Ligand SMILES: NC(=O)C1=CN([C@@H]2O[C@H](COP(=O)(O)OP(=O)(O)OC[C@H]3O[C@@H](n4cnc5c(N)ncnc54)[C@H](O)[C@@H]3O)[C@@H](O)[C@H]2O)[C@H](O)CC1
Ligand SMILES: [K+]
């Protein structure tokens, strides 16, 4: 049972290919069932367990786990409506010698294990199946899904049938898109991977703890990274981005706009067309509080023309022509609305859509949300899991843009810089707890840095 950070994310097709490359499928199901039995046995303590088994190999895993847990002394019952269909599941069912209760009349148990459907779900659950699953889950004190909560679409995280909210989901071999993408991810609860000896690789990964650029004895403010934040109509947003860049570790932050006041470490200058001429600038952040008034387009054109590495956020995303050639390394940080404005209707999952957008814009894209997806033009993807719902507040995007600027200016390549910023932002939100404001979030970057 390992946490998912850093794991490759596999679609159904990729998972099947990985399984097929592994040889004997019966042995794989036995290993999957054994891994489930060990994990559920540990989570259950001595409590009674009810396993719901479906007609495919997800159900097969359930029958194997039921047999092994019973042999290990656990009190296990099995409920199923459909006879198994796949050869593997038929064999697993045959080797379960206990009774199989109908789902509709099965009595609840404190530990509910959902082995109804996994990666093979092709349509919504039948009403009676969904009703039984919800009834038994509601009555349980611990709900565990095997591979996926039954009812979610593996590859895009949509929910053909809304499953109950699980406490734990045991992903077999690797996480799948539905473990990370909303709304499915929310229903999965804590996701842990069970290693069943299937080697997995891919170019999409769960965002892992970054290696952050720390200063050394030889460091000075410019070597730590100089960030220029271009201000505009709303000084507060650009100031928040500036503060976040400082808190994320930049050695020198230059705020180019109106307004004054603390922090005293922030260098303030009015915007001028030659304001970005300083070659020591490592990254320019533009968009937070830029507004849409006169001159904002010219500021964006100056920033793009400066050749400095760029973080383009907020209002600047409304002005940007994503298809126009750019020479500078660029990170774009759209939320869903900005993403739709820039790239039109999304195709496929959020992972697919973000990957295609990164190729098209030739930029690293941070597609924000409760399931932030980061994609690079070369096809690499990182997905952030488990961010705080309290991040849905004004100004938190400005903080992310500033942090991304700091990471770029410190010398991280753009995909790594974006990932590091998203990680720090999420970690800062976690230490802020509930109902924080964007200023608290920016301040908390220092604590998680
Ligand atoms: N990852 C691994 O290495 C291993 C995974 N295993 C488990 O196998 C399942 C996937 O099995 P599969 O048989 O392909 O799919 P399902 O069990 O999810 O169900 C398919 C089964 O159900 C029918 N069906 C689909 N949708 C519905 C519906 N809404 N209502 C009724 N019936 C439906 C479909 O036609 C099929 O007959 C994976 O998740 C793992 O749990 C293996 O153990 C091997 C190792
Ligand atoms: K399941």
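Quick reminder: no glycine exception, Cβ is built from N, Cα and C everywhere.
TrEMBL does not curate its annotations; it predicts them automatically.
K(+) is bound by 58, 150 in TrEMBL, and the record lists one more residue there from 5, 24, 114, 195, which is 114. For the AMP site, TrEMBL lists 368, 369, 370, 371, 372; matching the candidates 337, 344, 397, 402 against that entry yields 397. Cα of residue 60 ((6S)-NADPHX binding site) to Cα of residue 114 (K(+) binding site): a distance of 12 Å. For ligand 1, the nearby binding-site residues are 119, 147; that is, of 119, 147, 369, these have a C-beta under 6 Å from one of its atoms. Neighbour counts of Cβ atoms within 10 Å were compared across the binding-site residues 60, 369, 397; the minimum falls on 369.
Taking the centroid of the Cβ atoms of 368, 369, 370, 371, 372, 397 as the AMP site, the other same-chain residues with Cβ within 8 Å of it are 335, 336, 367, 373, 384, 387, 391.
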